[in-house]
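Some features that TrEMBL has for this protein:
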DOMAIN    46-295  domain 'Protein kinase'
BINDING   K56, K75, E124, Y125, A126, E173, N174, D187  ATP binding site
ACT_SITE  D169  active site, proton acceptor
CROSSLNK  K171  SUMO2 cross-link
Amino acid sequence: MIHSHSYIHSNDKENAFYQDAYSKTKKQTYQEEDIQPRNDWTINDFEIGKPLGCGKFGKVYMARERRTKFIVALKVLDKKQLIKEKMLNQLLREVEIQTNLRHKHILRMYGHFFDDRKVYLILEYAGRGEMYKLLIEKKRFTEKTTAFFMASMANALLYCHSKNVIHRDIKPENLLLGYTHDIKISDFGWSVHASSRRTTLCGTLDYLPPEMVQKTHYDNTVDLWCLGVLMYEFLVGQPPFMADDKQATFRRITNIDIHFPDHVSENAKDLIKRLLTKRPQDRIPLSELSKHPFFHCLDKKNQ
């Protein structure tokens, strides 16, 4: 539990906190090192602001590091619940992986600490919040907006794969937005080091690739499949393999049963199909993605 003395109670102080947070987070970038690595963090090092979200194991708060005034997101997790659900090892893996990743489109993890009851993760604050909320608000994105986000995603995943990290759970709920609408991949809870091929069934049902549905070996090409599902959802407003029940969804995935609305362009269809291929080795490599004609809409001469 976060101690009450850590909260900012006065309205004046609270307003000043959020105004300061707004101005500072617009200037903060992933390159800044205002928060130096430490192994002696405590909750008293932070002023705690408003809740940003909640989940099964705890809540996320806006927070400000007292010494530097650096704005962060503080994820507060219930240790007893993590142990009960046997999720502690998965959390430790997430911390290990995310702490060592440095990319402008990957949410930074500055550090972590714990006490008798809670585990605290110190994360980069993404000022525009969750991608899925923006998608719900807009219903679907234009092809130009989709291309902008997809190019960023491909760049970030290429970096992850160069570090032998597979994310395995790419979806709108795990993407955040900075103040300049730069995309941030978050939630590395299902990610693994790609030292060997795996057979674990994980991730989100609508985003599972055929090789995971069929429980066969898979590698980092599962992220390419997820990228194809994400692109479809950006353009259409829902995942491509939705069905009435789990087994029907699995059948659609296995059969690559995909249908496109009329508003989706031929270039977009082609790229999605090249990502959503049954044979993992046939999926378009991340290194070639930006060369696809779909991304011509981002060229300055076409603007």
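Just so it is clear, glycine is given a Cβ too, placed from its N, Cα and C backbone atoms.
Just so you know, TrEMBL annotations never went through curation; they're auto-generated.
Remember, it's a predicted structure, so these values are computed and weren't measured experimentally.
Where TrEMBL records a feature, it is marked here on the structure.
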{"residue": "K56", "record": "ATP binding site", "Cβ contacts under 8 Å, 6 or more apart": "Q81, E85"}
{"residue": "K75", "record": "ATP binding site", "Cβ contacts under 8 Å, 6 or more apart": "G58, K59, V60, Y120, L121, L123"}
{"residue": "A126", "record": "ATP binding site", "Cβ contacts under 8 Å, 6 or more apart": "A73, L107, L176, L177, G178, K184, S186"}
{"residue": "E173", "record": "ATP binding site", "Cβ contacts under 8 Å, 6 or more apart": "E130, M131, Y132, D187, T204"}
{"residue": "N174", "record": "ATP binding site", "Cβ contacts under 8 Å, 6 or more apart": "I185, S186, D187"}
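Here the CA atom of E124 (ATP binding site) lies 19 Å from the CA atom of the residue listed as 'active site, proton acceptor'. In this structure the alpha carbons, written CA, of Y125 (ATP binding site) and K171 (SUMO2 cross-link) are 19 Å apart.
In the three-state DSSP classification, E173 (ATP binding site) falls within a helix.
Cβ neighbour count for E124 (ATP binding site): 23 (other Cβ atoms within 10 Å of its Cβ, all protein chains included).
K75 (ATP binding site) falls within a strand when secondary structure is assigned with DSSP. Per-residue confidence over the domain 'Protein kinase' (46-295) averages out at a pLDDT of 91. Looking at E124 (ATP binding site) and K171 (SUMO2 cross-link), their Cα atoms lie 19 Å from each other.
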